[in-house]
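Take a look at the structure set out below.
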Amino acid sequence: QVQNISQSMEVLDLRTYRDLQYVRNTESLMKGLDSRLKVAAESQKSLNARSFQELKDKMTELLPLMPVLDQYKSDTRLIVHLKEEVRNLSGSLLAIQEEMGAYDYEELQQRVLMLEARLHACMQKLGCGKLTGVSNPITIRASGSRFGSWMTDTMTPSADSRVWYMDGYYKGRRVLEFRTLNDFVTGQNFVQHLLPHPWAGTGHVVFNGSLYYNKYQSNIAVKYHFRSRSILVQRSLAGAGYNNTFPYSWGGFSDIDFMVDESGLWAVYTTNQNAGNIVVSRVDPQTLEVLHSWDTGYPKRSAGESFMICGTLYVTNSHLAGAKIYFAYYTNTSSYEYTDIPFHNQYSHISMLDYNPRERVLYTWNNGHQVIYNVTLFHVIKTSGEL
């Protein structure tokens, strides 16, 4: 980048030198013209009155150019000074790079990115709390069919604002990746990923550069890596229902729902063994192995949708208008409570509801509308000892 700046400065310097010659030539011509006019004004022998007046009028028009030329010459000196500073900076950076080596620089960059991710994770955990309220809906876009899913990555740096879009609830393989949220709103600047296996439901999530989804007509969890455009791992969720065996109340093959909160990756589903009650499982994002599971006791077919915040599963009692967040299960204490947190279901049919811990918002697909909700968390700060 510094090299590009230096090259640009070289080009600017050449143009400046060339233009300065024009300026100097113009300046000398103007001075010569001014002298001739003074001589002519005294004698008026070589010019008739009309020609003399025309020259005088031209000179009057050109006079404001004089201070402009003086300023241009001053700016030229500043540009020369700036060019010298850029050269010094470029030389210093090249010396640092030679001292460190290119490999060390890349390694340092990776370490900085890792530290940024760790700092981000610490901040999210510090800000964990209990859900107390949901804002009014904010409609981002109206597109696609009645059912679908859209999301941003929950673990990338804040500068990465890519949006992923998956229309439909079964047999789909087409994932659109938009460069920014604004591009998503306008429907421009996207690339297409064609998944090797079709998906079921709308419970997909993007986590640290990979898409986690339920493979159609199976209880297999799939991890698809966007950059390499390949499946990194796939694994069966033992006993998990599929093919509308235990969906949410709206159906749509929503048997298995992946989600991410401040503490990592989760899968929400149910089994025959759990009598159709919602099971919450912590999942290893690298291997897709189930690390721990909780039986919430809440029937999945009676749930509209659900999402995780700070290790707590929140469940809505309907996917239709008038729904509220009705039930909360706390994995840290293996306990539950019934809640009464209303939220405005503006378009009357929610088929996807997911929390993004990076942005502290709920992403929703509501009857062909992509909608977000801000959340309010009640923070409990625990201290050791007396204050």
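Glycine is no exception: its Cβ is also placed from the backbone N, Cα and C atoms.
If you look up TrEMBL, you'll see 79-125 marked as coiled coil. Annotation source TrEMBL lists disulfide bond at Cys128-Cys310. The feature domain 'Olfactomedin-like' is assigned by TrEMBL to 127-379.
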Integer average pLDDT (0 to 100) for the coiled coil (79-125): 66
Surrounding CB atoms that lie within 10 Å of the CB of Cys128 (disulfide bond), all protein chains: 17
Neighbouring C-beta atoms (10 Å sphere around the C-beta of Cys310 (disulfide bond)): 21
